[in-house]
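Q: Supplied in structure tokens, the structure appears directly below.
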Amino acid sequence: MGAYLPGTVCSPSRITMSLCSRYNYHPTRVLTLVYQPFAFGLTCFFAYYEATMNTRKRNLAGFALFFLSSFALILLDVGTKGHGGIPAYIGVCIISAFFGTSDALVQGGLVGDLSLMCPEFIQSFLSGLAASGVITSALRLITKAAFENSQNGLRNGAMLFFSVTCMFELACLLLYAFVFPKLPIVKYYRQKAASEGSKTVGSDLAAAGIKTDQDRQVEEDTQKHERLSTKELLMQNIDYALDIFLIYVLTLSIFPGFLSEDTGSHGLGTWYALVLITMYNVLDLIGRYIPLIKCLKLTNRKGLMVAILARFLFIPAFYFTAKYGDQGYMIFLTSFLGLTNGYLTVCVLAEAPNGYKGPEQNALGNVLVVCLLGGIFSGVVLDWMWLIGKGW
């Protein structure tokens, strides 16, 4: 989610550029709405079968699909020679669905995998997600500045952007396949999870050259390897599940659709939406590092719920700022939205798995990602309500 920007996914064809400029079909909202059902639906499926799923194959398939989807956008633009048309726009929507599938494979798999390790790993992963948003923003700003006044500038900028994206995603695929499983601390936590009855880490340990005989261990001591069911974990952590759901319902009801289309015209012109989203991504990244300072980390469950419910005051704040305020107030609000999103996300996801065995932590991580994506999906749908009274 952190890396989504208007004008990136929708850039490869002229019809999409035209839509982005005229907002006839609200492409920023449509592409997100296409993406999310696949991400949410498949994550629910994977969460249900997480106990027996091969996490290594799941994550590798996700990284590979991310790479292929980004490359497909380049091929689509080259194949249509940038002329676009409705078929090209539909092609972009289909590829967006593949991105959603990739997200379902990787995000739940990695959060579950890291949940059975230590909270610092979750914080690092979530910070990496936010950093991807910052890098995306930087690339978008650079390509806009470099190609804005050239012929086919937006198209050339998009091609450069997706070329860089493909390189990053290929690097992620190779690093996860050959480097990550061999890190000593990763091997330690995976061996620990295997000793507690986890069936999801076997292929990861094999990739690191470690052999396990889990079936024999489970038969020898079935009571030792008993674990709470997914339903029991959800009921014990229903407040955390609701927390993460509400965080992203609120955030996605504003970002990126409202910020891209409904903030009016200001002195920054076509740069305005990009500046807003860049500020969101930068403060989101900063917010994800704040919990590393122990005295600033919010761990009280009631305190988390109060803070998350208080964020819904952003809705009237954004409404009245868009209607009566200037761009300085909107930039401040957007920055604070990103800061609270990153901070509260880490507080919830890093705290929830504490006190459980490895297999339970993996299951709980998957459940919380389902709630996160459910919140994103709901927020994307609610984001359309900003259009009420604007020709709808």
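For all residues, glycine too, the Cβ spot is worked out from N, Cα and C.
In case it's useful when we look at the structure, here is the feature table from TrEMBL:
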TRANSMEM  30-48  transmembrane segment
TRANSMEM  60-80  transmembrane segment
TRANSMEM  86-106  transmembrane segment
TRANSMEM  118-139  transmembrane segment
TRANSMEM  159-180  transmembrane segment
TRANSMEM  240-259  transmembrane segment
TRANSMEM  271-291  transmembrane segment
TRANSMEM  303-322  transmembrane segment
TRANSMEM  328-352  transmembrane segment
TRANSMEM  364-387  transmembrane segment
Q: Considering only the recorded stretches 30-48, 159-180, 240-259, state which has the highest number of Cβ pairs under 8 Å to the transmembrane segment (86-106).
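A: Between the candidates 30-48, 159-180, 240-259, the best contact partner of the transmembrane segment (86-106) is 30-48.
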Q: So if I exclude everything within five residues of the ends of the transmembrane segment (240-259), which remaining residues of that chain have a CB under 8 angstroms from its CBs? That is, six or more out.
A: 1, 4-6, 26, 28-29, 32, 234, 273, 276-277, 280, 301, 304-305, 308-309, 311-312, 314-315, 318, 322, 334, 337-338, 341, 344-345, 348-349, 351-352, 367-368, 371-376, 378-380, 382-386
Q: I need to check the long-range neighbours of the transmembrane segment (328-352): which residues 6 or more away from its ends have a CB within less than 8 Å of a CB in the stretch?
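A: Long-range Cβ neighbours of the transmembrane segment (328-352): 111, 115, 119-120, 122-123, 126-127, 130, 237, 240, 243-244, 247-248, 251, 254-255, 259, 263, 266, 275-277, 279-288, 290-291, 297-299, 304, 307-308, 311, 314, 317-318, 321-322, 364-365, 368, 372.
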Q: Run the contact check on the transmembrane segment (364-387) against the transmembrane segment (30-48): 3 or more C-beta pairs under 8 Å, excluding pairs closer than 6 in sequence.
A: yes
Q: Is the transmembrane segment (118-139) close to the transmembrane segment (271-291), in the sense of at least 3 CB pairs under 8 angstroms with a sequence gap of 6 or more?
A: yes
Q: If we skip the immediate neighbours and take only residues 6+ beyond the ends of the transmembrane segment (118-139), which ones have a Cβ under 8 Å from one of its Cβ atoms?
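A: Long-range Cβ neighbours of the transmembrane segment (118-139): 1-5, 8, 110-111, 160-161, 164, 189, 274, 277-278, 280-282, 284-285, 287-289, 291-292, 342, 345-346, 349-351, 353-354.
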